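Q: Not my notes, these are from TrEMBL:
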BINDING   CYS354, CYS356, CYS359, HIS385  Zn(2+) binding site
DOMAIN    33-416  domain 'tRNA-guanine(15) transglycosylase-like'
Amino acid sequence: MTPWRRLRSAALPSQTLTALKMLSFAIDANSGGARTGVLSFPSRGLTLPTPALLVYTRKGLPLNLMPDLLDELKDDGVTTLQLNTMHFIEGPSADTVRKAGGAHNFLGVQDYILLALGRDAMNFEGGGPASATYASFDTPSGRRQVTPEAYADIIDALRPDIFVPLADDIPSTSGRKRVKQSVDRSLSWLDECIERNKQGIPIFGSVQGGSNLYERPRSAEETAVRDVAGFHLGGFGLGESFDERPTLLAAAIDKLPPSKPRHVSGLSVPEEILQGVAAGVDLFDSAYPLSLTLAGLAMTFPVSHESPEVGSADGIGSSGATEGEGPALGADCSKLNLLSLALREDPRPLLPGCQCYTCRNHTRAYLHHLLNAHEMLAQVLLEIHNTHHYTRFFRAIRQSIIEDRFDRFRQAFVDRCRTTQIDVKPMAPKPSGRTSRIDGVHELEKC
Ligand SMILES: [Zn+2]
């Protein structure tokens, strides 16, 4: 019996039934806290294996990937896009998108799953001015105040497959009173978005609570009793440390029903993705492939189960970037700096053994030349490789969960793949005088 049919027998609100017809989730395997499953969209004939990467977009599409290039990456698992609601708040108008039949038609991505949310994965620090009636976001023309009503109107026009309601996302440095205010506001705005969701689009309720171990579970419990199809874990990547995060994730996830999918914002680099997967997160809206692309960097950390050139028996092998690239500025065992002079005559592909279009057809020397000439093609080719490589990383994660060896996979990645300092710096600086911002957990406080 499918989850939808099982739930249909109970007395559920009509919006819930509509959402369940549009989305269902089944877990296939667990490995420790990690889990793999399939998110299905029966009415659209689309499925998404989880844990999964939601590809970052600007104004609706990836920055450097033309639609035909995007289609070529489908076999790699690129089937779901994160749609930033704020990218549509200043134009085109909601009516223009509505008349086109929604974002799928407007953007020409009918065969893709769209998840809409207000937080920009590349540019968001949280904690902007907010009141009981609006949140504020940075946009290209300045800071904008957004009410739940205006937000719901954009969602109604976009008609995404899933949306995260307006939430009061705040940095981990926020005090207890402000955290409580954030939780209460986000719940109130969730109720308003549910009320205004006349199309029954599946909602991922936003769980807030900052670094407060009393508010995180309260937010999760309150969100879980509402009419939502899944959960968005908000407030991460906003100042909490790498070591604090597992406690905060567990505080929320322990209160959420395991049968519904979980999506997180703010976890981006491979170590953070592994951290989220270990906690039981299913969907990630990382912008890491584009961030590296814009910096002229190519992912080279090993991920393959299949390729002997870059993999080993346990799925973790030696990086293709270790030989001769040590002096390249910005390079380490996980990425290669294509701007480095050391690569100007290098005839090898970005990553030996990689089967992406870029690595099958071009050399490091050519990418180095394109970057120095400021040719747009450099970023197109880099984003193809980086997106392909990161989706292979997620595929390897799923396989390790199916084979119940995720912890070994994660530990091997940490032990072998990062010989230099990992780039997991929080976006906001830590406050002075405290090294932990988790309220109520004194054992984590350090001197
Ligand atoms: Zn490649």
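Glycine is no exception: its Cβ is also placed from the backbone N, Cα and C atoms.
Remember, TrEMBL labels are computer predictions, not curated facts.
The shown structure was predicted, so the numbers you read here are calculated from the model rather than taken from an experiment.
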Q: Using DSSP, would you call CYS354 (Zn(2+) binding site) helix, strand or coil?
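A: The residue in question, CYS354 (Zn(2+) binding site), is coil (DSSP, three-state).
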Q: Long-range same-chain neighbours of CYS359 (Zn(2+) binding site), Cβ under 8 Å, sequence gap at least 6?
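A: The answer is PRO349, LEU350, LEU351, PRO352, HIS385.
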Q: Based on DSSP, name the secondary structure state of HIS385 (Zn(2+) binding site): helix, strand or coil.
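A: HIS385 (Zn(2+) binding site) sits in a helix per DSSP.
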Q: Residues other than CYS354, CYS356, CYS359, HIS385 within 8 Å, Cβ to Cβ centroid, of the Zn(2+) site?
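A: So the additional residues around the site are PRO349, LEU350, LEU351, GLN355, TYR357, THR358, ARG360, ILE384, HIS388, HIS389.
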Q: Would you mind checking how many other C-beta atoms are within 10 angstroms of the C-beta on HIS385 (Zn(2+) binding site)?
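A: Step by step: centre on the Cβ of HIS385 (Zn(2+) binding site), count other Cβ atoms within 10 Å, giving 26.
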Q: By a simple count, how many Cβ atoms lie within 10 Å of the Cβ of CYS356 (Zn(2+) binding site), its own Cβ left out?
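A: Around the Cβ of CYS356 (Zn(2+) binding site), 23 other Cβ atoms lie within 10 Å.
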